[in-house]
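Visitor: My questions will all concern the structure given below.
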Amino acid sequence: MSVRNREWPVVLALTPVLILILAPFVWLVISSFKTEAEIGRADPFTWPADLMWRNYLDAWQIGGFGELVGNSLINLVGVVLLSLITCAPAGYALAKIRFPGREWLFYAFILGLTVPVQAIVIPLYQVLFGLNLVNTLAGIVLVQVSNGIPFGIFLMRSFFIGVPDDLIEAAKIDGASHFQILTKVFLPISTPAVQALVIISALSTWNDFFLPLIVLISPEVQTLPLGLVRFASTYASDYRLVFSGTVISFLPIILLYILMQRRFTEGLTQGAIKG
Amino acid sequence: MAGHTGGLSARMSKGRAAGAALPEGSPNDDARTAFWLVAPALALYAVFTLLPIAATFWLSFNSSAGFNTSASFVGVGNYAKAAQDPIVWKSLVHTFAWLAYHVVMAGGLGLLLALAVSRLRITQVFFRTAFFLPHLVSLAVVGVIWANIYDPFFGLLNTALTQIGLGAFTQGWLSDPALVLFSVNVASSWQGFGLYMLLFIAGLQNIDHSLYDAAEVDGANAFQKLIYVTLPGLREVMTFVISLAMINGLKGFATVFVMTNGGPFYQSELITTYIYRLAFQSQDHGLAAVLCILLSLLAIVITIVFNRWRARLSQ
């Protein structure tokens, strides 16, 4: 069986599936350039007579998308950095240092990996309220980091377990502390794990809806998914605004993925299998 | 009591003395270093996860009518109330149906597409990338997109059905009580299958290729190779994907919240959406806490069952 012989029948069989799966994107992008009248005429895939770039300008201004994107970016950078700073050291300690209570800590973190965040939402809100963190980006960053800590620690820990102990012994003989071993020996060789942690925490933060819905009440502090939902329900009858606003919400991440698809794919599968 | 404390302090001072004599990296130093390495993660996790878990338990035995009111102990009163609330039962049944839909549709599509895509050489990256695109979209945004797809008048689905001559199949996809949960789950599964596909592709790459050669020598056809080599080789990934899909399904919230808000007539209410409604709209925290406990128990049971199953397979 040559490669040639089995490639094209499969491609042929997959093409209709591909069209079906991507149809929502194509339809939204085409519709987002139409006038209200053209959308009303109900021929979903007909190309618009004129590309209405105005729709995007209107949606951007009316929906305050500049602010939403800005908030989402602050949220993302905060969560990714804080996750790395907290999960890498903890993962190292749990993987490579024997200390009393290690088992207990391990089980405590397993618990967090299992319990859905919706199941603790009432006290979580009360804690945030007590700390004056409701309606702040700092608040959403802290709860999302905490929510991701169990997975992040397990990811780093299972990667670090695979690093030979000889490396630690050698570094110790050279007088290195555990902190130096972590930063100078372990982290530089942990690119796959760090990459997985960055991609997974970035994607889940960028797309999170439930926690922002609880924490971020005023429009000025809201993130993109939350802002889009508010925008889409406010302008529900203005289809061109809803369509262009929706495209603004998903296009950047999709373009980024197409540019970096190999890293994304590696990070996500590595993360899932290790976690 | 006194003896116990004395023993502890003796042990501690002994440890300190030994620590001074030993070179760097003694057990005592190690414990201290480990503490500082774990402390930042543990502090955040304790405040925003462990404390709320404990507080949810406490809350489920108390009644409170809002965030600013004081709670009073009611024993198992909230549990009794939950057992009598028909919407609790509805949301539980819907959650199970939701999980089943998600595992079959998202997991099944992921598996089928992985089997097909992994046969490709020249175009594999293209198809893998394209099929993964929906997974990058936030479930809330997916909700907005699919609410418009299902729109009875301007929606993609009904207009497309009419145009290809299947006008008889047009529906009120989100207004039909019998259909709504399935319709919303299609949207969630459309977003979810891409990750499962990637995991299955990774699993397929790990199958020892010599097994296929051996099967071919034995005269196996493509179907037999699928049944006797590929699927057994995927068993571990399959249990993993099923458990991941169930946990993801259990967390399902955004698409329902955005598309139907649990309606019509609570026909798409899930445990998660009902928790939100009780906690933040009708402010019945005691009842909400009981549902929180129920949700946690489901998640823990699913995790344990699948971990056991996985451990048995890998023996």
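The first residue you see is number 1, and the count goes up from there.
Cβ from N, Cα, C; glycine included.
These came from TrEMBL, pasted as-is:
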type	residues	note
TRANSMEM	B:34-59	transmembrane segment
DOMAIN	B:92-306	domain 'ABC transmembrane type-1'
TRANSMEM	B:96-117	transmembrane segment
TRANSMEM	B:129-149	transmembrane segment
TRANSMEM	B:179-202	transmembrane segment
TRANSMEM	B:237-259	transmembrane segment
TRANSMEM	B:286-306	transmembrane segment
Visitor: Going along the chain, which residues at least six beyond the ends of the transmembrane segment (B:96-117) come within the CB cut-off of under 8 Å?
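Guide: Distant Cβ neighbours of the transmembrane segment (B:96-117) are 124, 127-128, 131, 181-182, 185-186, 188-189, 192-201, 203-204, 226, 230, 234, 238, 241-242, 245-246, 248-250, 252, 270.
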Visitor: Count the Cβ pairs between the transmembrane segment (B:237-259) and the transmembrane segment (B:34-59) that lie under 8 angstroms and are 6 or more residues apart in sequence, then report whether there are at least 3.
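Guide: Contact between the transmembrane segment (B:237-259) and the transmembrane segment (B:34-59): absent.
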Visitor: Can the transmembrane segment (B:34-59) be said to touch the transmembrane segment (B:179-202) if we require at least 3 CB pairs below 8 Å and skip pairs under 6 apart in sequence?
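Guide: Contact absent: fewer than 3 Cβ pairs fall under 8 Å.
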Visitor: How about long-range neighbours of the transmembrane segment (B:129-149): same chain, 6 or more residues beyond its ends, C-beta under 8 Å?
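Guide: That would be 113, 117, 155-157, 174, 184, 186-188, 190-195, 197-198, 253-259.
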